[in-house]
Amino acid sequence: MVHYLLAFHSSCSLEPRNRNAFRHRLSLRYEEKLPGVDIFVCTADPTIEPPIMVINTVLSVMAFNYPSENLSVYLSDDGGSELTFYALIEASHFAKFWIPFCKKIKVESRSPMACLSNPPTAALNSQEWSHIKLFQFTVSRYYTRKWSNELKLQPSWEGFLKKCRLSTKDFQNGLPLLLSDHQTILQILIDSRDPHAVDIEGCKLPTLVYLAREKNQQHHHNFKAGALNALIRVSSEISNGQIILTVDCDMYSNDSESIRDALCFFMDEEKGHEIAYVQYPQMFRNISTHDIYSNSLCVIYNVELRGMDGSGGPLYIGTGCFHRRETLMGRKYSKGNPLRIDTSVRKLCEGSVEELENKSKALASCTYEENTEWGNEMGLKYNCAVEDVLTGLSIKCRGWKSVYLNPERPGFLGVAPSTLGEALIQHERWAEGHLQILLSKYNTFLYGHRKIS
């Protein structure tokens with residue numbers, strides 16, 4: 001194992017790269033032809049991932065400096081929490097104020113929580129500041145009252161609870177926080193096709209979708225990989241963006257131009273057709289001065305991934321990554337038939353919101369993947385503790401390359417483990433997953449070196 005690590009670290013330091021994106025050139029050439037982008041945010045447990053944190057992430061990615069008609073945001077709630085659903089409803093209303101506010105004063109950290117951590121600037125008037133404070137207070141109040149069992153059923157929650165058939169008896173006696181067994185719950189909260197889906201200044205809002213895939217204790221749900229695969233299928237019917245961004249629910253957007261920076265590589269005329277994904281580093285906002293648990297992972301992000309970028313590109317690390325949809329669907333790279341971003345063709349979703357919801361629900365059922373290639377040749381890989389790394393390896397083994405983009409301003413900021421126990425659990429999972437890959441027949445030395453371009 002020591003020799004393996006030594007060989008890996010040595011190879012990663014041979015040809016390090018630093019990349020820069022020229023977003024202004026992209027805007028000059030392709031501003032009217034930008035591709036659709038689908039953003040996936042995943043959450044699983046509101047006790048660990050508070051809805052207020054999840055909603056801040058959702059609002060930050062809804063406020064990207066990107067045409068709203070080309071932007072769709074999907075929240076996967078594997079916990080089936082009615083509180084998370086209600087918070088998302090509140091966020092869909094608040095977005096009408098938040099998005100134009102960000103554009104007006106050119107906020108970079110477009111999370112309300114991050115914005116509130118700084119004092120108001122001269123560009124803010126008292127009314128705008130009050131709107132932000134009111135939203136933060138409202139969601140926090142509902143979260144606190146829910147835990148103290150003081151919150152009664154709101155009319156806007158009824159649709160959520162009617163959309164599922166519960167198998168737990170707890171529901172008969174009160175409101176459950178989590179739904180362990182339920183049918184697919186899918187609701188399009190904002191439809192960008194709707195002429196009334198506009199902000200306070202009359203500009204279009206991005207599409208916003210809530211998904212709680214079907215859960216049944218008799219079927220394994222495959223954790224985050226299963227949730228992302230369900231989102232890939234559902235989004236293909238609703239928006240079908242050519243680019244997919246995956247972010248963790250605690251990883252808010254810290255740079256409003258991140259999408260445009262990533263597109264600079266996908267839409268490069270010389271080498272863009274070779275790129276499967278663009279990976280941003282995982283940066284954290286809560287690292288202490290001494291960083292006693294080494295959460296900054298400086299060696300990985302400043303040495304290893306930069307070095308891998310000089311040898312075909314980095315691995316997929318699970319968050320802050322822009323993918324081509326086709327590569328996640330299992331497509332192989334073909335030099336003779338290059339795949340380019342087709343800016344002239346966009347899928348027009350047909351049918352009403354209700355029709356789209358009903359049509360897409362079956363794609364998130366717990367039996368849909370039976371006797372299919374999902375989790376094997378299509379989508380994210382299953383049966384591995386580090387499904388993201390394994391998925392990245394499989395994509396590269398199909399001939400694709402990747403890009404590591406580490407700009408001066410972090411594209412995304414998340415929350416690092418704050419205790420020794422949390423840090424040990426995280427590193428144990430990573431070590432177990434990498435060892436699992438090393439000992440398999442698909443390890444880099446026996447299988448990957450013959451396949452990776």
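Glycine too: its Cβ is placed from the backbone N, Cα and C atoms.
So that you can see what the record holds, here are the features copied from TrEMBL:
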ACT_SITE  Asp78  active site
ACT_SITE  Asp388  active site
BINDING   Glu49, Asp78  UDP-alpha-D-glucose binding site
BINDING   Lys224, Asp248  Mn(2+) binding site
Spatially closest candidate among Glu49, Asp78, Asp248, the listed recorded positions, to Asp388 (active site) (Cα to Cα): Asp248
C-beta crowding around Asp388 (active site), within 10 angstroms: 21
Spatial neighbours, same chain, of Glu49 (UDP-alpha-D-glucose binding site) - Cβ under 8 Å, 6+ residues apart: Thr43, Cys249, Asp250
Cα-Cα distance linking Asp78 (active site) and Asp248 (Mn(2+) binding site), given in Å to the nearest integer: 13
Rounded Cα-Cα span from Asp78 (active site) to Lys224 (Mn(2+) binding site), Å: 8
Where Asp78 (active site) falls in three-state DSSP terms: coil
Chain-internal residues, separated by at least six, CB under 8 A from Asp78 (active site): Cys42, Thr43, Ala44, Asp45, Ala212, Arg213, Lys215, His221, Phe223, Lys224, Ala227
Asp248 (Mn(2+) binding site): tally of other CB atoms within 10 A of its CB: 20
